[in-house]
Amino acid sequence: MSEAPQPAHPSWIEVDLGQFRRNVGLIRSFIGPTRFCLPVKANAYGHGLRAMGLAAEAAGLDYLGVAHLQEGVQLREAGVTLPILVLGAIHADQIPDFIRYDLEVSVSSRFKADLVASACERLGRVCRVHLEVDTGMQRTGVRPGTAVELFAHLRDLPCVEVVGIYSHLATADLPGDPFALAQIAAFEALLRDPVFAGVPLLRHLCNSGGTAHFPQAHYDMVRPSIMVFGYPPEQAPGALQGLAPCFSLKSKVSYFKVVEAGQGISYGHTYVTSRRTRIVTVPVGYGDGYRRALSNRAEVLIRGRRFPIVGTICMDQLMVDVGDAEVRVGDEVVLIGRQGAEEIPLVEIARLCGTIPYEILCQFNGRIPRVYVG
Ligand SMILES: *Cc1c(COP(=O)(O)O)cnc(C)c1O
């Protein structure tokens, strides 16, 4: 069993930075000289924004990606010096702060381009921008048909420095996906336009799925995130098979009682004991982001064995039926991750909730402390 640090809070998210570095190393070897951008939006997929930003910088990454101004500001205030790219559309009234905090922004309209230009002139600073092109996601980005014109406009703006051009894949999770191939073809057709000839731009397209399955589209930089945290897409190439999660959700048994047969457990008595049994309480609940939908469905690990969560999960606590197992107050409980030879994989929890691992990771809030090991 792991020698967990003893945080003040009875439950914690444990992030294994050693595993994170191993994941970075594996992906680094896989992508070769291509630049490596790690999107750390949504609190670095629940792993903790500041700590992961600093860990990424220490691990030699080239770029970080964020979704919002505030995420970029927090990284800068934590001392991160890597280039930070704000992915997606930017809000007009935040432009001066993007520039002040030295954040690179995505531009996908002439209107925003001009706002960026007038803000950087006013501040007397250069703003580095990436032209975002929509090749089929239908989210943000200028259409390829207008990208050339917008690029020519951006190039001529004073104090705006165009450093990159990128797009985003909608269906890259399986190898050979025809729509992903069509997006790659559209991106390359655009880049063949003479306006880009000889212009040193960082060309980037690939999220995790793209990075794993479409190495021909790595170009100058890739932007994988979920797989850097240890969750590669299905059918990932052998070179990426060593990726492993660095996230665990852990707690400790806080209470123990013996319950007779026929007793209802927790709110609404959605579970009734069929025999005399031992019920333990674990101080994790939906108030931490551990979904109530997992009531009477998920299992946890205690002393290296699986036991079922019984009854409705409460805001701060949940109950586990340990049968006649010898379980004591203070025993470590693993809700997501490994304990001994057993594992509750994140994907199992996501499947029980009818969602994807991304959403489960993001929903853990600030009440549970992050503890960094390795
Ligand atoms: C979030 C995001 C990524 C990373 O996606 P993963 O599927 O986690 O690899 C890459 N690019 C953009 C534009 C994103 O928004």
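Backbone N, Cα and C define each Cβ position, glycine as well.
Feature list (source: TrEMBL):
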MOD_RES   LYS41  N6-(pyridoxal phosphate)lysine
ACT_SITE  LYS41  active site, proton acceptor
BINDING   ARG139, MET315  substrate binding site
DOMAIN    246-373  domain 'Alanine racemase C-terminal'
ACT_SITE  TYR267  active site, proton acceptor
Densest Cβ neighbourhood among LYS41, ARG139 (recorded positions), 10 Å radius: LYS41
Structural state census, the domain 'Alanine racemase C-terminal' (246-373) (DSSP three-state): 19 helix, 52 strand, 57 coil
Three-state secondary structure, ARG139 (substrate binding site) (per DSSP): coil
Cα proximity to TYR267 (active site, proton acceptor), best match among recorded positions LYS41, ARG139, MET315: MET315
Alpha-carbon spacing, MET315 (substrate binding site) to LYS41 (N6-(pyridoxal phosphate)lysine), which is rounded to whole Å: 26
Local Cβ density at TYR267 (active site, proton acceptor) - other Cβ atoms counted within 10 Å: 12
Pairwise Cα distance for ARG139 (substrate binding site)/LYS41 (N6-(pyridoxal phosphate)lysine) [Å, integer]: 17
Per DSSP, three-state class assigned to LYS41 (N6-(pyridoxal phosphate)lysine): helix
